[in-house]
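Annotated in TrEMBL:
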{"type": "REGION", "residues": "B:1-20", "note": "region 'Disordered'"}
{"type": "ACT_SITE", "residues": "B:SER148", "note": "active site, charge relay system"}
{"type": "ACT_SITE", "residues": "B:ASP224", "note": "active site, charge relay system"}
{"type": "ACT_SITE", "residues": "B:HIS257", "note": "active site, charge relay system"}
There are 2 protein chains.
Amino acid sequence: METLSTHRAHGGAQGVHRHASAATGTEMTFSVFVPPHAEGARLPVVWYLSGLTCTHANVTEKGEFRRACAELGLIFVAPDTSPRGEGVADDPEGAYDFGLGAGFYVDATQPPFAAHYRMWSYVTEELPALIAAHFPADMARQSIMGHSMGGHGALTIGLTFPDRFRAVSAFAPIAAPARVPWGEKALAGYLGDDRTAWRAHDAVALIEDGARLPDLLVDQGDADPFLEEQLRTPLLEEACRAAGQKATIRMQPGYDHSYYFISTFMDEHLRWHADRLRAA
Amino acid sequence: METLSTHRAHGGAQGVHRHASAATGTEMTFSVFVPPHAEGARLPVVWYLSGLTCTHANVTEKGEFRRACAELGLIFVAPDTSPRGEGVADDPEGAYDFGLGAGFYVDATQPPFAAHYRMWSYVTEELPALIAAHFPADMARQSIMGHSMGGHGALTIGLTFPDRFRAVSAFAPIAAPARVPWGEKALAGYLGDDRTAWRAHDAVALIEDGARLPDLLVDQGDADPFLEEQLRTPLLEEACRAAGQKATIRMQPGYDHSYYFISTFMDEHLRWHADRLRAA
């Protein structure tokens, strides 16, 4: 692991790191904030998965998470959203919603994407092992959150590993990718046309199929231009209601899909995570 | 005035606006955060002047000021750092420290810069009038802060208008531009070689010449790579001591010159401003 930069911030250290990923077969860049802590302490880890077009940098610069993480003693990890570099396939037309910057947190099975697009394995296996090895992390206390495509990632990963993540939350998640244009394009492109394979990567389908979380927090802006066609929060509300899944899903008046929205509610999400990460 | 964008954030509105400036003879873009407030209320205004290479966008995205401004009821205004556009002269070699993005908050007297580089008039006269006309601002309650070149701007403007600004603070200011390479280049280029004309745009010289502030707060990172050659905080400390100028000048261990530093101390600066802006 190579450290590309580190900056003192809020009494801790904001780093950006790069490593050769076995999962994706590429170099991968990610950021980690380590809050001030006592020598030898092991700290809970919050995973943040980003949305379409983002890298680690968007939330690192605009997420306004460091103040609360410093106060609450949380490590904050922000991976990239896809493999990148020489030989990594992209959307044939270079669209923003598939390929580079749009890995959708799945392991692709379809050529040419299967070669490198293995973001599920990267985020759930390889990067956690790297974090455990190089940072003062208590891997028995992890939680996960994300935005938009990353909200989809946080929900599907959280639902798949309910014993690993003590808290799961999302900002404007793509709640039912199998039923919306962004998700249909991505899941077909990465996983093929058999829709049964998509259900493991659709939060609403996972809940319908019996997966459960201890609890769930979702914030969604009602002025988000993607709400109706791509995010479809009501499908998540309905699935939680039908399944008896405990959830707090809030429509936030006037908020859009931007980091101005995320940074407004970041503090509250981190406190909600910390309550669960610090419980005995 | 044309509004280019507006985003709901922390219960208020983060806007970006453009207007044709009479001072600079160009279009100028700036950002304003208006916190949540009661209908008809008039709110104090905090001016934030940015550093070399910046536009309004850097602090708007990375400054982490909105949460505190929302809580404290402060309007936050971030101007650009120079005129821009067709026909605006730049550094002959396109250097980052003079010309575009580097107006140094002076009214240039030297050709070809005198035509458009009138940032002093823009920030102290034209933009305040625009803010007063278009926003719920109480212009009897203003304060000013800035970073690096913008710290220089905040100090020199604050020292020149001690009755206008109830609080003045800076992050890593260029404290004595007449005695450092960045400032010597800029002041000679904009104001000419007569160094007596520079004293009105040098915080240390202004204090030596008798200008005073009610109080002053400065934070400076001790890992800032520009500290020794360009910022020279000790000259400001010495000038304040010699003049009996009340000041809190803090060396912050491990912090550099970046927005990771600024955003760490932004909250504290805003609370310090608010205490003074809300006093009777």
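Placed from the backbone N, Cα and C atoms, the Cβ positions cover glycine too.
In terms of DSSP helix, strand and coil, the region 'Disordered' (B:1-20) has 0 helix, 17 strand, 3 coil. Residues within less than 8 Å, Cβ to Cβ, of B:SER148 (active site, charge relay system) and separated from it by at least 6 positions along the same chain comprise B:GLY51, B:LEU52, B:PHE171, B:ALA172, B:PRO173, B:ILE174, B:PHE226, B:LEU231, B:HIS257. Here the Cβ of B:ASP224 (active site, charge relay system) has 21 other Cβ atoms within 10 Å, regardless of which shown protein chain they belong to. B:HIS257 (active site, charge relay system): 22 other CB atoms within 10 A of its CB, across all protein chains. For chain A, the nearby active-site residues by a Cβ gap under 8 A number none, drawn from B:SER148, B:ASP224, B:HIS257.
Under 8 Å from some Cβ of the region 'Disordered' (B:1-20) lie the Cβ atoms of residues 26-37, 56-57, 60, 66-67, 69-70, 130, 134, all in the same chain and six or more residues away from its ends.
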